[in-house]
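Novice: Per TrEMBL, the features are:
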- 12-33: transmembrane segment (TRANSMEM)
- 164: active site, proton donor/acceptor (ACT_SITE)
- 257: active site, acyl-thioester intermediate (ACT_SITE)
């Protein structure tokens, strides 16, 4: 009798373990689906919404200053931040609906032929969007986010973007494929849009490292220091690139987790040279 009871208890325990595992898998699957739906909503807004005129207080003509009697009126100076060319206006039109959803959105990154097609957010620190999606809702996938130290206008020498390495390949999960030479050759360029401009990112370095290596430096004392930084990057790369990076260039750094070197501090890094389109 006692043996039968123990056997029954064992069966119930096995069933409970199975149910727990099944519910956990369902929960993870639902979260992946929910994250995908949230991203799809923004992708539709960014890619499919027709460009339209948006009131951004951009003057159609230069305002004139008030003058005294008999004096010729002169155009008043327009602040530099109010000047916007055709591309700038188009970009602002594309980003307007995104910024209505979340003013923290500062850009959009795409890698053709991959799942990377995401808005970029930026907060006052590098912690907030580790666990929040683009709507500010809790999410294990987090968001693609820009280092808080960077200028969202991409004026810095090294702009750093972070993203989780999700098991379903979302976020920066596909970066791991850059270890394959054929994938690297087929995905040499990314596109990066901001609310005022559009850029191409030419990949020139790929490697694994740890957080102990300062590959996310954003400030450099001079051109020589930046040149040394780029040289170190190129030396770490598993590929030798024909992309020439000079002291006058700006680069983009993509960073995600890598578990081959260290379970907690391993990183997979892709660097690209920033080039303005057009």
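Here, residue 1 is simply the first one shown, and the rest follow in order.
Just so you know, glycine gets a Cβ as well, placed from its N, Cα and C.
Walk me through the surroundings of each of these features.
Specialist: Summarising the environment of residue 164 (active site, proton donor/acceptor), the number of other Cβ atoms within 10 Å of its Cβ, over all protein chains shown, is 19. Mapped onto three states, the DSSP output places residue 164 (active site, proton donor/acceptor) in coil.
Under a cutoff of 8 A between CB atoms, and with a sequence separation of 6+ in the same chain, the neighbours of residue 257 (active site, acyl-thioester intermediate) are 164, 165, 266, 267, 268. According to DSSP, residue 257 (active site, acyl-thioester intermediate) sits within a strand segment.
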